[in-house]
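For reference, the structure is listed below as structure tokens.
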């Protein structure tokens, strides 16, 4: 008996360690996939400026990830469970690495980035011809011949980013459905929420790392190492600045490939957690069942697909949960993807600072919320109906708190000729002819070049020329323009490069907004695990993998793909001034109407999320009357344990009977 117990204990430890190894590996996979995703979302503004494309096209590039995911999600979700799940996940990680590498390629295939400017590097181009020169001619930085512009290769280099994002989406497909179903299959019923909470925590650590990496890369000039950064006349707060977006994609590619390695050494199946000590007792029974299943799969691997789809489609709670998810994903995809741009435009900070603050204030509370949510589910053994109520009412509380963000606003940047007159009076409608005034009408200034300067009167101007500046001192970012006839101040009128700061009040509003965002993130993350358990428990155990995959499919199709596109188009509609390329074509937007931008960024998600509570309340009503298939999961485990105990009792009876017989034989012989 001692050897048998030792062998069973060894087997238990080995199986337990393999499950823990899978948990560690899948958590790392969630870290790597969310690292890549958050980095991509954070670099949207940099990509927009690098390729001089509108926000709607950037939204399409961002949504292309979902297209790649859709190509495989149903196939992987259903057939993946019939194959070797850990190996499928490992292959997916490698493919994600390939996609990230493809996204970095344009940097190595195109020329150096050139931003629009009237100012030369030395500040002494043709005797300061970029300044106001009455009865003169503006000599701008050299432009290409129009015939050469049409042949410029970099105009379509964004296609590499598009294709790379599609490939990354294809690679990420197996991680969520196969990883979650693997945990559900082999973890204890009461441990499953905690394990999923830990995995989801990895999905928060990844974005935190991704945002920190993005913040660093956004602060490094795109062509660092190839140009002298001391000669730059723009800073990270300038809307023409482009960070080293390509560098982070290379790091993401390496991380994804390294994450794939452990999955190739993990088993496809494990004994149910908690029953490993009795593995030998039920070993033969499991082997017989597995042989029968293999035979069935060989001759009809697809026979259950349509019945499963029909069963899920006729499950009202499952379908309503998908509807809630689609509506809320439309809101959150937009908020997360364009939050750095919102912080830049609303509060006047750099892309690097916006990304950093977004990560520091939002992700730690979400991480803590996921862990606490999982612990609550485990500690108090929350039922599905209780979990649904917790998820719904916490989401409603966070939703009401969200409306306070409408109060934390800053005024538009006052740019003369766009939203402010030369007298400093705000104007609502931008008219191109309004950029000229008596003070600069004879300066022969270009009307479309975005090269802003900040006057010592607190107003910004499109360029030093339009500010009426006649002289300059200094070079690079330290250049100061003097004798500016359009700047109405007492004494010497002067201006410096860049837009004027929005002031200390705006910085205070930014802090309030970030604190509110952190509170909202924590409350909403508390509801995430209970809500996800409703999804898992409203399906039969054999339908879970397909159900999770179909849920992901629907959120991708109806939220992940269209949301960034229509949201980006709405943002483009608030643009006040577009950048100008060498040949006169429109580039990326340089400044938005921050008031309208705020109403779109905050108002549209508020409307979407508000409508999602209607199907959520219907779910609560249905749960009062329905008996969910997942509620039998624990009883299924208990049945197995009862069966095992029954077999153990049979073994004890046989052993006792044999002992009695041996005693009788011994007495007879004596």
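Keep in mind that glycine also has a Cβ here, set from the backbone N, Cα and C atoms.
Among the features that Swiss-Prot reports, topological domain 'Cytoplasmic' is placed at 1-20, 81-86, 185-203, 268-311, 378-381, 624-670 (among others). The feature transmembrane segment is assigned by Swiss-Prot to 21-40, 60-80, 87-111, 156-184, 204-224, 243-267, 312-333, 354-377, 382-405, 514-536, 546-571, 606-623. Feature annotation from Swiss-Prot assigns topological domain 'Extracellular' to 41-59, 112-155, 225-242, 334-353, 406-513, 572-605. Summarising the annotation, Swiss-Prot assigns N-linked glycosylation site to 124, 135, 412, 419 and lists sequence analysis as the type of evidence. Taken from Swiss-Prot, the feature domain 'Kazal-like' applies to 433-488. Residues or ranges marked as disulfide bond by Swiss-Prot: 439-469, 445-465, 454-486.
The structure, with features from Swiss-Prot marked on it.
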| residue | record | contacts (Cβ under 8 Å, 6+ apart) |
| --- | --- | --- |
| 412 | N-linked glycosylation site | 419, 426, 593, 594, 595 |
| 439 | disulfide bond | 422, 468, 485, 486 |
| 454 | disulfide bond | 460, 461, 495, 496, 497, 498, 499, 500, 501 |
| 469 | disulfide bond | 131, 132, 453, 481, 482, 483, 484, 485, 494, 495 |
Other parts of the chain folded back onto the topological domain 'Cytoplasmic' (185-203), taken as Cβ under 8 Å at six or more residues beyond its ends: 19, 23, 26-31, 33-34, 179, 269-274, 367, 370-371, 373-375, 377-378, 381-382, 528-529, 532-533, 536, 541, 633-634, 637
Residues of the parent chain within Cβ reach of the transmembrane segment (60-80), under 8 Å, 6 or more residues beyond its termini: 37, 40-41, 44, 47, 88, 99, 158, 161-162, 165-174, 177-178, 301, 305, 308, 337, 545-546, 548-550, 552-553, 556-557, 560-565, 568
Entry from the disulfide-bonded residues list 445, 465, 486 having the most other CB atoms no farther than 10 A: 465
Interface present between the transmembrane segment (354-377) and the transmembrane segment (204-224) (three or more C-beta pairs under 8 A): yes
Residue 419 (N-linked glycosylation site): tally of other CB atoms within 10 A of its CB: 23
Same-chain residues at least 6 beyond the ends of the topological domain 'Cytoplasmic' (378-381) whose Cβ lies under 8 Å from its Cβ atoms: 190-191, 193-194
Segment proximity, the transmembrane segment (243-267) to the transmembrane segment (87-111), 3 or more C-beta pairs under 8 Å: yes
Across the topological domain 'Cytoplasmic' (624-670), average pLDDT on the 0 to 100 scale: 48
In contact by Cβ distance (the transmembrane segment (312-333), the transmembrane segment (606-623); 3 or more pairs under 8 Å): yes
Intrachain neighbours beyond the transmembrane segment (546-571), with Cβ under 8 angstroms and 6 or more residues off its ends: 54-60, 62-63, 65-67, 69-70, 73-74, 76-78, 176-177, 180-181, 305, 308-309, 312, 318, 321-322, 325-327, 329-330, 333-334, 337-338, 341, 535-536, 539, 592, 597, 600-601, 604
Candidate ranges 21-40, 354-377, 514-536 - greatest C-beta contact count to the transmembrane segment (312-333) (under 8 angstroms): 514-536
